[in-house]
Amino acid sequence: MILSVHDLSVTLGGSHILQGVSFDVPPTGITALLGRNGVGKTTTLRAVLGEIPATGSVDFGGVPALGRPTHRLVRDGLGYVPEDRCVFAGLTVAENLRLAVRSQDPDFRTVFGLFPELKQRSDQSAGTLSGGQQQMLALARVLLNPQRLLLIDEPTKGLAPAVISAVAAALERMAERVPMLLVEQNLAVVRRLARDAVVLAAGRVAWHGPTEELLGDPARTRDLLGVGSTVRRP
Amino acid sequence: MSTVVLLTLTGLGLAALYFLIASGLSLVFGLAGVLNFAHGLFLSVGAYAGWFVATHWALGPAIPVGVAAGAATGALVELVVIRPLYRRPTEQVLATVGLSLAGVALLQSIWGADPRSYPRPAWTAHTTGVLGAQVPDDRFLLIGAAVLVLAALLAFLRWTRYGLIIRAGVENRAMVSALGIDVRAAFTLVFTLGGALAGAAGVLGGMYFGSVSPGQGAGLLIFAFIVVVIGGLGSVTGCAVAAVAVGLLQQFVNYYGTSGAGDVSVVALLAVVLLLRPGGVAGKVTA
Amino acid sequence: MTHPALAVDGVSWHAGTVPIINEVTLTVGPGEFVALIGPNGAGKTSLFNVVSGLRRPSAGRVLMGGADVTRLAPHKRARRGLGRTFQTSAVFGSLSVAENVALAVQAARGGSMRPWRRRSDRQIAAAAREVLDQVGLGELGRKAAGSLAHGQKRKLEIALLLAAEPRMLLLDEPMAGVSAEDVPALAEVVRGLTAGGRGVLMVEHHMEVVLDLADRVAVLHHGSLLGCDTPDAVMADATVQRAYLGEAL
Amino acid sequence: MKALIPLVLAVALPWSTLDIPFLFDGPLNSPGTLQLLGVCLVFGGLALGYDLLFGHAGLLSFGHALFIALGAYGVGILVNHFYWPLWTAVLLAVAGAAIAAFLLGAVALRVTGIALAMVTLAFAQVGWIVVNRDPGGLTGGEEGLPLGPAAVPGFLVGVANTVNLYWLALAFLVVVVAIVHGIRRAPLGRVLTGLRDDERRIAVLGLSPYRIKLATFVLAGALAALGGVVYVLLTGGATPYLASTDLTLSLIVMAVLGGAGTRWGALLGGIVYAYLDQRLTHVGGSLPGPLGQPLFVLGTLFVLAVAFVPGGLAGLRRRTLSATAS
Amino acid sequence: GSPQQAAGGGSDGPLKVGIIYSQSGPLASYGQQYADGFKAGLAYATQGTGKIGDRTVEVTYTDDAGDPAKAVAAAKDLIGKGYKVLGGSTGSGVATQLAPLAATNKVLFVSGPAATDALTGLNRYTFRSGRQSYQDVQTAKAYLGGGHKVLVFAPDSAFGKSNVEAVKAVIGSGGATVDSIAVPPTATDFTPFARQAKAAAPDLVFVAWAGTTASAMWQALDQQGVLASTTVVTGLDIRATWPVFGAAGSRLHLLAHYFDGATDNPAEQALAKAVPGGKTDLFQPDGFAAAQMMVHALQASGDDVDKMIGALEGYSFDSVKGTLTVRAEDHALLQPMFQAKMSGADTATLTDTIGADAAAPPAAAMKG
Ligand SMILES: Nc1ncnc2c1ncn2[C@@H]1O[C@H](COP(=O)(O)OP(=O)(O)OP(=O)(O)O)[C@@H](O)[C@H]1O
Ligand SMILES: Nc1ncnc2c1ncn2[C@@H]1O[C@H](COP(=O)(O)OP(=O)(O)OP(=O)(O)O)[C@@H](O)[C@H]1O
Ligand SMILES: [Mg+2]
Ligand SMILES: [Mg+2]
């Protein structure tokens, strides 16, 4: 297991958001983290990353992760694409990318191959990019460096259908090299990419297993995610 | 003619002094987003450290010691006061206000409120004739130092990644960490640099004024603020341009205008610049 | 004759020297629901910014109910009944959820600058509660809006709009980030927005929602309007297929 | 209603001959103590008035002292040089300050954030320069402008009447509290908070951020001027300190020390700061080293408060309350 | 009950004296000298007993941090506690605010180093124990010789203006023309002003400058050739500031209120013995004289302020500076003044003494 989360609890602003979450992420493929709005998906990722105080235990690549500073974890190969993108609005696209470079040999080819727009806009300040362009930039930042695990929070949010398929394809290709923990609302994307799924409800893990078992069983899907599994093609 | 030459050269000297003081302020403000009211304190610490060495030991090491003292103060302040407050930017600024109050009082309790005369190389008191104008030599020292500092700062920002890290860190510190960068160390570095610049300005300012007093740094701060803001927040080149504009304007208005018009004209310049281009000279026009 | 709720007439906008929107002409009738789709970066949000007054167009006019509002400040347009949401949620973080809505209610009813209280202020709170129930945030009224999860903020945005009782609505990706479970309910809320002759212009990438709700779909590409037609006609268009929808997942 | 208890205590205080050693030098109703408390009350009011801008509306103004000085010097000049009756002078000075706030605010509020702070700082700096230059002998320059006792009504003159000045200070504070708290709970208060959070959002709701900010700026300016007037009556004259950035910085310190944007924070902060400032000066000489410098103690205290007591005194109170509750 | 009762002082308790001065703040070193002088003067005037008759003089020292508002608060506190005699005020700003307070509350106020002319003749209750600007200028006038064009180089502030006024009154009335350059007190570069001074080509430049930028100011005057081309007169400040003159020092014509070595008399010896280091300095005589005046006033009456005033008006006594006289009409303190030269950075030598009468300001009517 590349990541083992055990009994993770988080309290924010007086409310007990995560109440003992446990799950594992296997060292290959994509694991989806699902659940309705406000259930604590983002909170889980940020707790793993050490951005918010949490109790319990988190094990990243065999080393305890809780309590270690975020930047150390990242340097050990834990990449993070946050939910609200968090591109640096005051910096240009090129500067955003330059900042993210950690390795000797950043992989600009893959990045510009996936997102040619970023190359054209390298001198535009990131704050004026359209929503979708910002998302691409956020993804590009983690793709530059070699990674051991990616935490990706809703990468397709706000993207046009064509871009969603492009991003999905990119994630699929990346998944051949690095495992991912993916938060995603678009079940079509989940179905296509994720091998395993973890469903959160009421601060706990409500279900954990192969994605097929979840999405292939309409009753279970409705039960856990509140929707029919037949996701209409756009 | 000789009057114009004299006013121009001494105006540039004044500009150099403003730039030396404002550059550190601008660096910290532009990069770390902290309007550092304690910058005047850093300045005074550097000045007193240089003074102490120069009067008790030798003149030579005064500048390096002043710079080191300023840098150490900057680092200490960042580590002890600024760092724990990074989630609360307003409080950071306020803490520096508190520091400036306490620090000046502390210096005063150690060295008294009266100005101490500042040792300096004898040649700085001489003048050089330029087109009939007797230009004090210490102005050339100031201008030289300012150019040096400007070049060094530009190189730092251009050739290292720190400028980028810190600008990004101001916007979203957590995200910079999430890119695997120890953003805290970068902030400490900026404060150390700002302190070092203040220390240099303190020693050179002490030599320029021929004296040092606890409130000297704080007293100079207001014009430094104006220079920083006119120059566009955090732009070192903008800061240099603004310093020259302010120095020359003040000098000429003081000579040709009525008393007090020099200060008022500078303040008016600030107001006009801010209203026309809220981001300062180097800033982009915002809608 | 009745004027369209919103008419965009030959509007162009440049960011500095870069042209972003080129001569876009578009109308939304009273009670009509128009969806605006287009690739990321097409200029949809920019168009909203021009219409709501946050940006000045370099050419063209914006009309509301037949009146030219091109030169009006954002708040003046809002007072004439133009409401909008933002692509990244913009709610008042330090106010509670209920206060957020109360603020919108009082903004609509006037007297916001009143520095004293009245008995009638109770009604504002009641109206706010009603709106919150409508979008399903009824239980979170006392929570600080800043600490809401993303999807909850989206709903609050809609609540702010509803409270202001506008006549013309601009919605910028209302469904983005809303969990699949909540999409149908929120879609129902959005559908209801056209009641009482309100015009709605919505940017949205969720095609199910677009197809379900829109009377007409306008397609923006590189800042120009490719066309504006019924959902089925637009879906059938080959350019739209290629530029926007891409291949199936 | 709980707010009435301190008010009743404050009103009853001058009848008490209670002697609190260390805290005060004499019995509560001695002129020295009343003067000290009076100054505390004025600063409580000034800080709360400033917090209307700073804490509530999120407008960081570095020029608030300008309006305090306008009130103070306005009255001083009208009374000393033009022989106006005091109360007319007060009215005119406060109205003048409000007009000045309107004009300056109309210009300054076109920008936001740090730019606003700097423009207001610049305006106030001009005020400070003018006051110090003693134009036409009106302001007395760095020596200040003592208020001629002849112009002041008898019941405010003389040490024996210090109690009346205390009432005056208390009345000022009550006025400020009434206005600021009224606004907090009224529609305008909610709009101010909204403005602090997201100005763009306020605009698309149909409210003009500019007009709201300007109105707040003018109101705060008028309150500041009123405070300046009371301060002058209390201390017998205006000094350039009233026009200095230092005073504005002190107001910010007070607001934050107490808890900016809270109900009682700024008021409390103002009172505590003014008390410490005066008392430390009083006992300062007897303390060793830097402790003898009031500003050292105040500055250090402030830094510590900012670092360890987020939310200021108001936050502290809330936390101890919740700690005892659980 | 009444909301406030002033405590009355008994007629056989100790005699209470309040000294309000700068223990902290920018004028702390002036304040220190004043207080040292006061203690020495009190011991001298009471022959070391600290008593008048059989009543001890109980002195309360209070800090005003240079802030008039704090001084007023301290004064109200003391007056409220029944103090009838106040002294102090290191700075002019404090003095001008304390003086009206003394009058409205009918207590004796003996002002300290504050030099503002405005204090003289302000009201019956206010006296002064130091010199005033006018006396400085009278001393400077002696340097003018046959010249007739005078330039005042002073800050654009109340202090600067009062010096300009005094020079106009003293020297201008003697037929000389008086011009002035008003320098912004915040100036950091003095070249433009030095240049203006040089261009004016006066016979005498009267420099009134105090503050931390003095050194830069002197250097600019020197570098632009003002010191070389004309007679430059200025006041001698406390010893700690002497090095600030720098190279200019030996070429200046100094007028002095007081410096160590200006006089030699029993009072001066007593002062020298009492102060730390045995070296006397500028403002110690003011404190010394204040103590002498208060003791004399209290000898006349311990409680009746009118009697104290009566005793002080016209009082003439031997103090550190020589014989001082309180002029009855306007309470000006007539005193000798000194002219001096700097030799080296830390020695001033007396060149001349201006008699108390020659330095006396014109008598004014009492205003209140
Ligand atoms: N700082 C905070 N203070 C209080 N509550 C918070 C805070 N941050 C988040 N919460 C609450 O924690 C819960 C979980 O938030 P989180 O952002 O993890 O949800 P999520 O599952 O990512 O939702 P979404 O799908 O909308 O992104 C929400 O109910 C939110 O309101
Ligand atoms: N100030 C600016 N300077 C330069 N380019 C800008 C500026 N503002 C917007 N743009 C560019 O204009 C284009 C349109 O942006 P806009 O935000 O309107 O896109 P959008 O259609 O809303 O996209 P999305 O669906 O991704 O939100 C983008 O390419 C963006 O980068
Ligand atoms: Mg989330
Ligand atoms: Mg958009």
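From the backbone N, Cα and C atoms, a Cβ is placed for every residue, glycine too.
Annotation comment: TrEMBL describes B:12-34 (among others) as transmembrane segment. Long-range contacts of the transmembrane segment (B:12-34) within the same chain, counting only residues at least 6 positions beyond its ends with a Cβ under 8 Å from a Cβ of the stretch, are 42-43, 82, 89, 92-93, 96, 136, 138-140, 142-143, 145-147, 149-150, 153, 162-163, 166-167, 169-170, 187, 190-191, 193-198, 200-201, 204-205, 208, 220-221, 223-225, 227-228, 231, 233-236, 239-240, 242-248, 250-251.
Taken from TrEMBL, the feature transmembrane segment applies to B:41-59 (among others).
According to TrEMBL, the feature transmembrane segment maps to B:65-86 (among others). Panel annotation: around the transmembrane segment (B:65-86), residues 32, 34, 38, 41-43, 45-50, 52-53, 92, 95-96, 99, 173, 184, 187-188, 190-200, 202-203 of the same chain, lying at least six beyond its termini, place a Cβ under 8 Å from a Cβ of the stretch.
According to TrEMBL, the transmembrane segment annotation covers B:93-111 (among others). Below 8 angstroms of C-beta separation, residues 34-41, 44-45, 48, 77, 81-82, 85, 214-215, 217-218 of the same chain, each at least six residues beyond the ends of the transmembrane segment (B:93-111), sit close to that stretch.
What TrEMBL lists as transmembrane segment is B:140-157 (among others). Cβ atoms under 8 Å from those of the transmembrane segment (B:140-157) belong to residues 12-13, 15-17, 19-20, 23, 27, 124, 128, 163, 193, 197, 200, 204, 207-208, 236-237, 240, 243 of the same chain, restricted to positions at least 6 beyond its ends.
Under the heading transmembrane segment, TrEMBL lists B:185-209 (among others). Counting residues 6+ beyond its ends, the transmembrane segment (B:185-209) has Cβ neighbours under 8 Å at 17, 20-21, 23-25, 27-28, 31-32, 36, 39, 42-51, 62-63, 66-75, 77-79, 82-83, 86, 118, 120-121, 124, 138, 141-142, 145, 149, 156, 162, 165-166, 169, 216-217, 220 in the same chain.
What TrEMBL lists as transmembrane segment is B:221-248 (among others).
Packing against the transmembrane segment (B:255-276) from elsewhere in the chain are residues 3, 7, 223, 226, 229-230, 245-246, 249: each is 6 or more residues past its ends and has a CB under 8 Å from a CB in it. Residues or ranges marked as transmembrane segment in TrEMBL: B:255-276 (among others).
Beyond the transmembrane segment (B:221-248), the same-chain residues lying 6 or more positions past its ends with a Cβ under 8 Å from any Cβ of the stretch are 7-8, 11-19, 21-23, 25-27, 29-31, 35, 37, 39-40, 43, 146, 150, 153-154, 157, 167, 266-267, 269-270, 273-274, 279-283.
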